[in-house]
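Read the structure below first, then the notes.
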C-alpha cells in the first residue's frame, strides 16, 4: 500500500513531538494489526476479529506521563462481520486529543480495510487499569478488545503489594458462537464466559486459565470486564480482596471483600494475600443476565479459572469442589457495594447559577421500534463525525447532528446528571468518554455522598422505580464526548447521547493530525461499508 505524503508528514511530526516530550515522559509504541482469525477459546471454532491475532489483544502499557503511539492496521476481510474499525482507549481522558478517542462518527470516520491510522495521545495525570476495544457497531463482541495499563511509579498504594505485572491482569469476556451482528437486537446469554483466554461452555471440563501465586508475596490483581452484555459476580474461593482502584482512580483501601459485582467496561484493582492452605482454588465469574440481579448463571456459562499456590502439594483442593454444584458454591458474606468505595480529593461543588449544569436523562425502551431512547430520542450515527461538524463551525445543539441527541455544555462548570431507574433490560452500565465522574448516588442506594464518593467512568443504572443514579464532573476538556450504555447491543439500538463540551473552544483546544482529515474522504470513497 502506498503511503500518502500527509501520512508521512504526520508521522514525522508525531516523532518530533515525541522527542520533544521525552524529557517529561516516556514513549510507548505499539502496532495493532486488526485481523480475522479462527479461534476456539471454549472449544468451539469460529472466526473472530482480533488485535494481533490473539484474544484478548496484547497488553498495552506505559507509565503516568507517557505518550502512547498506537498504529492500527486494518487487515479485515471477512464480510460476515464488520470490516471497518476504530479503537477506543477506554477511560483515557484524551485532553487535547479528542480526535484520538475512537468512537465512530463521534470523533472520527472508521478505518476501512487496507488502511491504517496512528492514534497518538499523552496520559499526563492518569494511572490505573484501562482497556481498549473497537468502537464500531458491535465489533468488539467478536473479539477486538484488550488490556491497557498505565503504571504509576509513585502509586500511593505500592506498599500494599509486591507483584503487579502482566500476570496479574484478569479479563472477563462474554463469548458467542455466532457473529455479534446476527445476535441483534439481542442480547442473548453468552455461550461461555472467558477468564483471560479460556472458557467452558455448558459445564464442560475443558482447560481453564491458571494463575500462580507465591504465598510469600502480595498481589495486585487488575480485574477488567470486557463484556458486551452480562455483568459478573467475581470471587476467589477462600480468599478476601482489598479494593484499591475503580476505573483508573485510586480508592481508599476497602478490605475483606469476598465478591465483586462488575458491570461491562468497569475495572477494579484488588490486593490478594495467598494466606490459605497451599493448593488450588476456583476463581469464579458468574454471569447475570439482563433484568436478573439475584440469580447468577452458575452452570452453562460460568467463568472459571484456578488460583494455584506455587508450594502446593497436590491438586485436591479445587478438584474436590464441583464448581457447578450450587451447594458447594461459597455464599458471599461481604460483597462489594459501590457506595462503600471512597475516592481521594475534593468533589466539585455545583454552580447554582448555571441553568445548563443540571441534566436528567430518562432512559426507555421502545417495543414498537425496538430501540432505546434517551429523553425520547434514539441515537443514530450522523454521516459526518460530531467533531468534524464542530471544527467546521457548527456549535449549537439545535444544529449539531444527530438532532436531539447532542447536548452542549459550558466550559469550566460542574455538571450534575441524574439518571432515574426502572429501565427495561437493566442494569445498564453508563460510560462517559473524556471524563471520570463522582458517583454522588449509586444504584440501589437511598443516600447521597458529596464528600468522598467513588470516582469512575462507568456506572450501573437500573433498579426500581424511584432509584436514581447521580454523577458529577467538571467540564475541563472541550470536545464531543459520547455517553452510552456499555452493553454493546444496546448502544447499537440507540442508547447514547453526545455531550458537546464547550464547542466554541474545540478548534483552539483540539488539533487533529493530517491523517485524521483523510479518514472521512477514504470512508466516503470506499466501495462498500461494513
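Any Cβ shown, glycine's included, is placed from N, Cα and C.
Annotated Cu cation 2-binding residues in Swiss-Prot are 90, 486, and among 55, 133, 529 the one listed with them is 133. When the candidates 77, 404, 433 are compared with the Cu cation 3 site entry in Swiss-Prot, which names 135, 484, the shared residue is 433.
Annotated Cu cation 4 binding in Swiss-Prot involves 485, 490 plus, out of the candidates 342, 403, 428, the residue 428. The recorded positions shown are 82, 228, 375; of these, the one with its CA atom nearest the CA of residue 485 (Cu cation 4 binding site) is 228.
If you draw a 10 Å sphere around the CB of residue 490 (Cu cation 4 binding site), it holds 28 other CB atoms from the protein chains shown. Cα separation, residue 240 (N-linked glycosylation site) to residue 490 (Cu cation 4 binding site), rounded: 34 Å. For the domain 'Plastocyanin-like 1' (36-154), residue counts in helix, strand and coil come to 7 helix, 52 strand, 60 coil, using DSSP. Annotation for residue 191 (N-linked glycosylation site): spatial neighbours 42, 44, 175, 176, 177, 201, 301, criterion Cβ-Cβ under 8 Å with sequence separation of six or more. Listed in chain order, the extra residues whose Cβ falls within 8 Å of the Cβ center of the Cu cation 3 site residues 135, 433, 484 are 88, 101, 102, 103, 106, 431, 482, 483, 491, 496. Non-local neighbourhood of residue 520 (disulfide bond): 109, 384, 385, 388, each in the same chain, at least six residues away, with C-beta under 8 Å from its C-beta. Under the three-state DSSP scheme, residue 520 (disulfide bond) falls in the helix class.
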